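The compositional bias 'Basic and acidic residues' feature in TrEMBL is assigned to 691-707. The feature region 'Disordered' is assigned by TrEMBL to 680-714. The transmembrane segment annotation in TrEMBL covers 33-50, 56-77, 89-111, 123-144, 164-185, 205-229, 284-302, 366-385, 613-633, 645-669.
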Amino acid sequence: MDETTKKKKKTAECCGYPISIFFIVVNEFCERFSYYGMRAVLVLYFRYFLLWDDDLATSIYHAFVALCYLTPILGAIIADSWLGKFKTIIYLSIVYAIGQVTMAISTIHDITDANRDGTPDNFTFHIALSMLGLILIALGTGGIKPCVAAFGGDQFQEHQSRQLNTFFSVFYLCINAGSLLSTLITPVLRAQECGIHTQQQCYPLAFGVPAVLMVISLVVFIAGSGMYVKTDPEGNIMWSVCKCIGFAIKNRFRHRSSSYPKREHWMDWANEKYDKLLIAQIKMVLKVLFLYIPLPMFWTLFDQKGSRWTLQATTMSGDFGAFILQPDQMQTVNPILILTLVPIMDRLIFPLIQKCGLNFSPLKRMTVGMLFAAMAFVSAALVQIEIDKTLPNFPSSSESQLKVVNTYSTTLNVTISPNEHLLIESFGSSADYVTFDHQDITVSLNTNPVITKAFSLIKGGRQTLIIPSDPTVMYLKEDVKSKPREGKNAIRFVNGYTADLNITNLDSIEPSATTNYTLVNQGKRDFVLRHGEQWCEFSRKFGFGASYTFLIPSTVFSDDCESITEVEDMKPNSVHMALQIPQYFLITTGEVMFSVTGLQFSYSQAPKNMKSVLQAGWLCTNAVGNIIVLIVAELGKLPKQWAEYLLFASLLVAVSIIFSIMAYFYTYIDPAEIEAQVRKEQGLEPEEMEKETIEMEEKDEDQKNEQGVKQTKI
C-alpha cells in the first residue's frame, strides 16, 4: 500500500478539513501560551525572586532565548533522521512539560523558607531547579518548533490545498493569540500574593498556569493520535548539505597546489563525489546564508523587549486611569501591533509604495526594518534619560547620605559636624538627604541641656537619624538606597505613641521605635493601628516606586489617625509607561519589515528541498543575536542604561549600512529555473516533467510566502 492510499484511509474529515488538525491547532495555542506566558515574567523572576542584578538577569534571560533558537536544529535532525515528526513532538513535549513543572516548583519560596520571613533560605536550590527547568523547556520548545507546522501540513490530501492555506492562517493566528493572551494574563497572576506561610509575589501561579497549559497541550495532542497521518523519517537534508560542504572544503584543501586548475566556485570541488544538482542547490543556499551574517544584530535589539525594556518599565508609572498595567504587560503592545501592522503593511503601505514607482525590494525592506529597530532604541534611550532625571541622587560608594526625622515635642536646631545646620519642626524632617564624604559625624541638638552624640554612617548607604520623644536615645535607621522592586512602595512607621502599637500586616512596634520597610502595591492601602481597646484606621493611596516614613504622634487615637505625618524618602515614579509605546511601535514596524520580509525572501531564493536549511540558518541568527546581548550585558558595564541603548542603536545602524552594501551586489535568482537547467544538462527528466516540477515549486513558494507573513511569532 503506497503512502497516498494510506493517507486517504486514515484521514477523517469535518467540513472539508482533516479532524486531526483541530487537535494540532489547540495544541499549538496551548504551547505558545505556555512559552510566552513563562517568558513574560522570567526576567522579573530573576531580578526580584532570585535577587540577581539587572545585568545577570538580562544575561541569563538571553542565554535561555538563544538556546530556544538553537535547539530547533536538533529537533529537525531527530524528526527527519530518526523518530519522525509525531514521535519527536510527543517525546520532546514530555520534556517540555517536565521543564515547565520544574520551573513552577522552583518559584515556591516556602520550600526553603524555614524561618518564614518570605525569602528563600537556600537560593542554590531554587537556582539549580530553575536552570534545569529552563534547559528542559529550551529543548522542548525548540525541538518541536520545526515539527508541528509541518506535521499539520502532512494531514492534508492533495485535493485540500485551499484548506491547507486556511490551516496555516489559523495556525499562526493561534501563535499570536497564545502570545497575546499569556502576556496579558501571567503578569496579573504574578502581581497576586500567595504563599503557605508568608504572602509574596505569586510566581508559582505565574509559572504554574503555563505549566498546566503545556500539560493540556500534550494531552490534546496525544488524544488525536489515532487520527494522524504519520510519515516515516525521510532523511535529513541538513546532514547531506553539511557532508557535501565538508567534502568540498577538504577536497579544495587537498588540491591547494597551483598545479590544479581553479574552479568557478569553491563548492565545485565536491563534483567528484556529489550530484551536480545538490551542489547547485547548496550554492543558492550559501548565497542567502552569506547575507544572514549581519542579521543577528537586529535580534540583539529586538529580543530586549522582554529584558531591558521590561526592567525599564519597573521604574515607570503604569496607572492608565481605568486600569493599572504591570511592567511585564507592556510586552503585549508588540503582538497587538503585529496583528494590526501586518495587514496594513501588506495591503496598504507596500502596494502604495509600489504604485509610486519605487523599487522597494525585499532586501531594501529589511534594511529599513533594521533602521526602524535602531530608532526604537534611540527612543528607549530618550525615555531612559527622562527616567534618570526623576531618580534620586543616590550616594556613590565613597559617600553617605543622612536625613533627620524629629518626633520630639518641639522644633529643634540640629547641628551636624562640621557645618550642617538644620531647623526641623516637631514631627517633621529635613527637606532632603544631606550627603557626606566622610563616615564619622557628631550631632548636636539645641535642647536644654545640649545633647551631643557621635555616629558612624554607612559608606554608599542612606540612613535616617530618628530623634524620639527622649532625644538622648536618638538612633540611626538604614533606608532603601534603590527604587523599590517591581514598582512597589517601601513604607515604615515611627512610633511616637507612649505604648506599644499593633499595625495591620506589620510587626508590633514599641514606643520610639521604627519598623522595617514593608513593600506595598500601588493603590489605596488601609492600616489599622491598635493598642488594647483603642484603634483607628489610616488610609493612603500609593503610586509606583516611592518610599515613605510615617510618624505616629502621641495623639493618634484622639484624632482618629488624622495626625499621622508623612515623610517622603523617595518620590514615586513620574514617567508614564505610555512613553514606551513609540519604541514598541518602531521595533514592531521594524519586525514586520525585517522578519516577515526576510522569511519571504529566504523561501523565494531557496530550492524547495533546502527551505529547512534556511529556516535553521534564520533561527541561528536569532540565537547569535541573543548571545551578543549576553556578552554586552556582562562585559560592557556601561555606567548609564541610556548609553547602552545608544550603543546598540549605533551598532545596528553600522550593520544596516554593511547589509545594504551586500544587498546592492546581490542578484535575485529563480531557484526552480536553475534546478530545471541543471536537470536538463544532466538529462535527468523530460521537458514535460521539468515544466510540471517548476509549477509545483512555484506553488509551494506561494504557500511558503503566505506562511511567512504570519510566522513572526514562532
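Every residue, even glycine, has its Cβ placed from backbone N, Cα and C.
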### Query
Taking pairs 6 or more apart in sequence, does the count of Cβ pairs under 8 Å between the transmembrane segment (123-144) and the transmembrane segment (645-669) hit 3 or more?
no
### Message
Using Cβ distances below 8 Å and needing 3 or more such pairs, separated by at least 6 in sequence, tell me whether the transmembrane segment (613-633) contacts the transmembrane segment (284-302).
### Response
yes
### Query
With the transmembrane segment (366-385) as the reference, which stretch in 56-77, 89-111, 164-185, 205-229, 645-669 has the largest tally of C-beta pairs below 8 Å?
645-669
### Query
Among 56-77, 89-111, 645-669, which stretch has the highest count of C-beta pairs below 8 Å with the transmembrane segment (284-302)?
645-669
### Query
Counting only residues 6+ away from its ends, which parts of the chain sit with a Cβ under 8 Å from the transmembrane segment (205-229)?
6-7, 10-12, 18-20, 22-24, 26-28, 30-31, 33-35, 37-38, 41, 45, 86, 89-90, 93-94, 96-97, 100-101, 103-104, 107, 151, 154-155, 182, 185-187, 189-190, 192, 194
